[in-house]
Amino acid sequence: MRGLLARLWGGRASVSREPDARPGESGAVVSGERWLVVGLGNPGPKYAGNRHNVGFMVVDELAAQRGERWRLHKAHAQVVETRVGDAPVVLAKPASYMNLSGGPVAKLSAFYKVPVDRIIVVHDELDIPFARLKLKRGGGSAGHNGLRSITASLGSPDYVRVRVGIGRPPGRMDAASFVLQDFSTAERKELDVHVARAADAVETVVTSGLEKA
């Protein structure tokens, strides 16, 4: 998959070179440790095609690739328990609205005993053009209410972010209206590959570390 995506998109996602997830002295990821991969979005069919829901789309892709089905967890989230390489992974979609995502994420982190440094959050990013990705660990919320809620609930910003570019709104459209619109017809023609590329990046973080994604 990675070779095909590289040809289609002109190379890898741009990655912020920050400390790797649970590195040993060599910088390698410790295999067999559980990860929590959270896609952000708003629940319900009304929002399913929105730009703001691209995080849901990415974890849906990861679940579909493995033939897994979602189930409701008591932490108020849809979850899938699966594997990526040798690592057990919990995929999650909070069942709360975006600005309340932190509660379910913190509860899942506690339930599955996953520390902050093995949490990956996949979210839409206005400051990155559509069809581009950037990955980093930590940082601020940049106005993203889902990230703000997660950071507050976890008590730390030091989780990995897979920032899926949706671009800026045209003209004078406000950002809130833009993110709650469905992807345009032109964007939808490329969306499947964009989502698959983000899913591929998540897998690489889990199996090889942030610097290899």
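Glycine is no exception: its Cβ is also placed from the backbone N, Cα and C atoms.
Among the features that Swiss-Prot reports, site 'Discriminates between blocked and unblocked aminoacyl-tRNA' is placed at Asn42, with the record citing sequence analysis. Per Swiss-Prot, tRNA binding site is recorded for Tyr47, Tyr97, Asn99, Asn145. Per Swiss-Prot, the feature active site, proton acceptor maps to His52; the stated evidence is sequence analysis. Sequence annotations record features per position, and here Swiss-Prot assigns site 'Stabilizes the basic form of H active site to accept a proton' to Asp124.
When the recorded positions Asn42, Asn99, Asn145 are compared by the number of other CB atoms within 10 angstroms of each CB, Asn99 has the fewest.
Pairwise Cα distances among Tyr47, Tyr97, Asn99, Asn145, which the record gives as the binders of tRNA, peak at 16 Å.
In the three-state DSSP assignment, the secondary structure recorded for the residue listed as 'active site, proton acceptor' is helix. Around the Cβ of Tyr47 (tRNA binding site), the same chain contributes Gly41, Asn53, Leu180, each under 8 angstroms and 6 or more positions distant in sequence. Cα-Cα distances to Asn42 (site 'Discriminates between blocked and unblocked aminoacyl-tRNA') place His52, Tyr97, Asn99 within 10 Å, out of the recorded positions His52, Tyr97, Asn99, Asn145. Taking the C-alpha positions, the distance from Tyr97 (tRNA binding site) to His52 (active site, proton acceptor) comes to 11 Å. In the three-state DSSP assignment, the secondary structure recorded for Tyr47 (tRNA binding site) is helix.
Across the structure, Asp124 (site 'Stabilizes the basic form of H active site to accept a proton') and Asn99 (tRNA binding site) are spaced 13 Å apart at their Cα atoms.
DSSP gives Asn99 (tRNA binding site) a helix state.
In three-state terms derived from DSSP, Asp124 (site 'Stabilizes the basic form of H active site to accept a proton') belongs to an extended strand segment.
On the backbone, the CA of Asn99 (tRNA binding site) and the CA of His52 (active site, proton acceptor) stand 12 Å apart.
Between Asn145 (tRNA binding site) and His52 (active site, proton acceptor), the C-alpha separation comes to 11 Å.
Other than the site residues Tyr47, Tyr97, Asn99, Asn145, same-chain residues with C-beta atoms no more than 8 angstroms from the centre of those residues' C-beta atoms, the tRNA site, are Asn42, His52, Ser96, Met98, Leu100, Ser101, Gly146.
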